[in-house]
Amino acid sequence: MKVLALRHSVAQVYADTQVYTHDNSKDEYENAFLISNLTTHNILYLNYSVKTLQILNKSGIAAIEIQKMDELFTLIRCNFTYDYIDDVVYLHDYSYYTNNEIRTDQHWVTKTNIEDYLLPGWKLTYVGYNGSDTRGHYNFSFRCQNAATDDDAIIEYIYSDELDFQSFILKKIKERMTTSLPIARLSNRVFRDKLFKTLSVNHDKVVNVGPRNESMFTFLDYPSIKQFSNGPYLVKDTIKLKQERWLGKRLSQFDIGQYKNMLNVLTTLYQYYDMYHEKPIVYMIGSAPSYWIYDVKQYSDLKFETWDPLDTPYSNLHHKELFYINDVQKLKDNSILYIDIRTDRGNMDWKEWRKVVERQTADNLYIAYKYLSTGRAKICCVKMTAMDLELPISAKLLHHPTTEIRSEFYLMMDIWDSKNIKRFIPKGVLYSYINNIITENVFIQQPFKLKTLKNEYVIALYALSNDLNNREDVIKLINNQKKALITVRINNTFKDEPKVGFKNIYDWTFLPTDFETSESIITSYDGCLGIFGLSISLASKPTGNNHLFILSGTDKYFKLDQFANHMSISRRSHQIRFSESATSYSGYIFRDLSNNNFNLIGTNVENSVSGHVYNALIYYRYNYSFDLKRWIYLHSTGKASIEGGRYYEHAPIELIYACRSAREFAKLQDDLTVLRYSNEIENYINKVYSITYADDPNYFIGVKFKNIPYKYNVKVPHLTFGVLNISEQMLPDAIAILKKFKNELFGMDITTSYTYMLSDEVYVANISGVLSTYFKIYNAFYKEQITFGQSRMFIPHVTLSFSNEKTVRIDTTKLYIDSIYLRKIKGDTVFDMTG
């Protein structure tokens, strides 16, 4: 959903668009809630309130002021992520395909021969970091740039088994045009940039679990962030390999040698960050022209010093010459060294060429050892070839993708590795490594142990659901880690599957009720965005690959109506009941009937079940940005910080009724997951609320009427407005509550319209118009620890006779209250009041 705020209406009609005019009779929060539950994708918001826009954005729903028609046209035709703090719109707009172009935000790609393999007549365009170079295309009142690129497809091609790039990119473009936009992946980069910038300012120690290559630029400016990954491939791990021969295999039609060099350097850099927590000088020997340095400098101020007879245009200091062994002494401490020396083969015979390569490999290794032999804080990554070698057992082997798999791999060592025990590695074993293993990640740090960290802020995005992790240990970590943002895969199966397959792995599934967190927000991706100053135009869809975002230690926890709130809670219900269901009242009718309340007159205005909780349960797959457990808990403790004006507080029994209705719904739908979720939420309600029932009552509240439009043979027909189980010492407190609600009680608009048999020989008249006040009084009694109400649903009625009678239907008739009293059952009246 996107909300585009206009001062004046527009004549043009847009598909999937609805107009909402600000309702001045309601406060900003109520307007925001109504907007959020509209069912179209585009909302044109007229006579808007800036405060309402702020509320929507904090809820993760993109809401933007529109000043010009160009802005409206651009935003209505595509999806986007909105930085509502800095007023920046990041479009995810692929309409540039109509210019016969694909786009990249990695400069090195533009220096390859990739355009030789594009679709006929197509070109490649560089658009800068997150599309920053496209800002000039949009002369808007807010900053706007198009962050959409095809880098995901290019990188996927590099790691795939496909060789024909034109066929591959054609397939990917067609997929993009025919399937739902993977909005979370597109906006994730914007989110990660914002997230780590915020956390690094607010927390001294930040730990990040499970980063992948898509984050390789994100962390360049954060050397102090501790990374945990899957660990490196060590020289000693080759003991498991059998010997093989040269294979020779082309991975890419266009030259990706620069990409390989960049990955090698970044892998070395992040290893340095892991060990020393600061930025090094980056020395590079060979590997010209290294256009990828330009990409790195878009994200960081790293300094590069390079040696190569060819130009390296983006180096801070380039020596256009060969590097000799005596030059090693020029290299300073606190540095990394990348050695990528290889003479061109030219017309050399392959046997002669092989001798040259082996000699250069030995020379490269000698430079590496020389560099590491003195000083401190150094790591080296050196080009190697498959040959009989003695290598340190703790050194790391790297084999990032390159244009062709031949004899080349890379060795990474720190000072300690260079002095460690060496092992003889046969050429055939190294060929086996080269032929079978691709390094898929620049982050090769040690795996994370599922234990709480006392002083660190832990971030684990899409990293812990894998069934290689012990599920109970994941839950324990989330429950106990005081400061964290952790995601786990939500269980949106219908058979309550404990794990689901994804690609070639299995993930554990989770529901919010699996966790017993303290002061944590459990929300969706878009709910999490709102907390970090972002909003999004397309909410998460229930694809099966959805995640709960669990934020612990956030100062937003008590701000119940500002973040991870109830916005959009009825949207799915509206979509269904206004298009597919038997009636738009279907939800109200079902909730009453499933709790044995058969008086459906006025059910849409006087419903005895919490619609919030009911919708949050049965449609949790569609809107889990609303943190239901937090909402229940903060109301139960009275600690909710409510900024909005009108805010209805439910009685705990209304929440219980909602769980029962949701359970009935789940049984009819054969939805085992909602069935469990409903049961567990009901158990949670009973845990945080101390609900007691007056199933053996000794007092009741009676309402006597001036007029009863039916025949009756009881002495005094009355409405039993709830029963109590209290001691005589509690009578003054109960009476005080009745006095407090006197005006509201006598102001109830009470009506009746028919009679019926409540049970055998109990003939009653229906009563409407009292439930809202009943639940308010229930809450007042609950807060004073006075037992009020029974475990079964309160069905308002007036007993007319203790005999079997025929049903009578009359025109709806208003009843006027004569008196309201508190009486002991089979005893005397202890309190009486009149209007």
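Every residue gets a Cβ built from N, Cα and C, even glycine.
Taken verbatim from Swiss-Prot:
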type	residues	note
REGION	171-245	region 'N7-methyltransferase activity'
REGION	246-428	region '2'-O-methyltransferase activity'
REGION	429-555	region 'N7-methyltransferase activity'
REGION	556-692	region 'GTase/RTPase activity'
REGION	693-835	region '2'-5'-phosphodiesterase activity'
ACT_SITE	His718	active site, for 2'-5'-phosphodiesterase activity
ACT_SITE	Thr720	active site, for 2'-5'-phosphodiesterase activity
ACT_SITE	His797	active site, for 2'-5'-phosphodiesterase activity
ACT_SITE	Thr799	active site, for 2'-5'-phosphodiesterase activity
CA pair Thr720 (active site, for 2'-5'-phosphodiesterase activity) / His797 (active site, for 2'-5'-phosphodiesterase activity), Å rounded to integer, equals 7
Model confidence for the region 'N7-methyltransferase activity' (429-555), as mean pLDDT, reads 95
Stretch winning on C-beta pairs under 8 A with the region 'N7-methyltransferase activity' (171-245) (pool: 429-555, 556-692, 693-835) is 429-555
His718 (active site, for 2'-5'-phosphodiesterase activity) and Thr799 (active site, for 2'-5'-phosphodiesterase activity), compared by Cα position, are separated in whole Å by 7
All chains considered, the count of other Cβ atoms within 10 Å of the Cβ of Thr720 (active site, for 2'-5'-phosphodiesterase activity) is 17
Reduced to three DSSP states, the region 'GTase/RTPase activity' (556-692) has 68 helix, 2 strand, 67 coil
